[in-house]
Amino acid sequence: MPSTFQFQCHFILIFLAASKGETRYLEVRDAGEDEPFLLFSEDLKRELSAGQIYRRSLRCIDMLSIEGQFTFTAEQPQLHCATFFIGEPEELITIDYDLVNIDCQGGDFLKVFDGWILKGEKFPSSLDHPLPTSQRYVDFCESGNIQRSIRSSQNVAMIFFRIHRPGNGFTVTVKKNTNLFPCNVISQTPSGRFTMVISHQHRNCSFSIIYPVVIKISDLILGHLNGLFLKKPSAGCAGVGDFVELLGGTGLDPSKMFPLADLCHSFHGSAQMKIGCDNTVLRMVSSGKHINRVTFEYHQLDLQETENRKENSIEEFCFPSI
């Protein structure tokens, strides 16, 4: 049976079936009054011209993957609401406050979080984000007109809010900007290909796939400096400043996930693994001394692949949870 995390996070699987503007919904347990997450079809995205602004109302619990202007108006007291924003891996998200009509003194709030947070678990984790956790929150009731535009550090962001009085609410405009050096990413799709590069930066980058997947690493360069590969220790990755690790688990925060494999040697070729976790993360740790690069592709693990487990697969931790 799917876990609670899957019910909350598998809105990434929700695409429009066929007709234009059609939506499909997934119940989100423990997240509100049966409010749905929502994604938009590629057809709708193509139909919106460069000069056209998409507008619609927000639900108490919502999911957006498209630019536009979005308005929430409370019809009754709404005490636990959130909107999740997601872009392509190479996009950043900007949220602009256009109009805010809430009662901060009466207990209302409107906050932007740089990343996603579910049941206390954050993406990116505190270990991987450039800002301390306290600075990842922007509270409208504290900043007011001082900070009316907030840009994310990765391809996901969210707002969460509480509004007591019917008729009160807010309007925001969501825009996307190109991120030339994407680092922390949540994949919108169950399959894809991505190259992660960290060039002379002391930082950690995670690529999160909220599905059981087959992941194939086709190229890994670690410790690359002036065209030379530095020799790596022969045993394990302990004490190595630059390496890639594969993580699996049932939550959102990579720092709380189970380590499945470490890769600390450069190679050209293919390394394929089946990972049957609710969430799979490829995480690169970089010392900042070198240029590190990893190229990988992935697709959702189907039932036949779980039954036909071969060598070079991670089984011990993840498959029992399917």
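Numbers here mean position along the shown chain, with the first residue as 1.
Glycine is no exception: its Cβ is also placed from the backbone N, Cα and C atoms.
Keep in mind it's a predicted model, so treat the numbers as computed, not measured.
According to TrEMBL, the feature signal peptide maps to 1-21.
Annotation comment: TrEMBL describes 52-177 as domain 'Corticotropin-releasing factor binding protein N-terminal'. Along the domain 'Corticotropin-releasing factor binding protein N-terminal' (52-177), the predicted structure has mean pLDDT 94.
What TrEMBL lists as disulfide bond is C60-C81 (among others). If you draw a 10 Å sphere around the CB of C81 (disulfide bond), it holds 22 other CB atoms from the protein chains shown.
Look at TrEMBL and you will find C104-C141 (among others) tagged as disulfide bond.
Under the heading disulfide bond, TrEMBL lists C183-C205 (among others). For C183 (disulfide bond), applying a Cβ distance below 8 Å and a minimum sequence separation of six or more within one chain yields D128, S153, Q154, M196, I198, R203, C205.
Under the heading domain 'Corticotropin-releasing factor binding protein C-terminal', TrEMBL lists 185-306.
Here TrEMBL flags C237-C264 (among others) as disulfide bond. If you draw a 10 Å sphere around the CB of C264 (disulfide bond), it holds 21 other CB atoms from the protein chains shown.
Per TrEMBL, disulfide bond is recorded for C277-C318 (among others).
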Do any residues at least six apart in sequence from C104 (disulfide bond), in the same chain, have a Cβ closer than 8 Å to its Cβ, and if so which, in order?
F140, C141
Would you mind splitting the domain 'Corticotropin-releasing factor binding protein C-terminal' (185-306) into helix, strand and coil residue counts from DSSP?
7 helix, 70 strand, 45 coil
Ten-angstrom check, please: count other Cβ atoms within 10 Å of the Cβ of C60 (disulfide bond), all chains counted.
22
Whole-number answer please: how many Å between the C-alpha atoms of C277 (disulfide bond) and C264 (disulfide bond)?
23
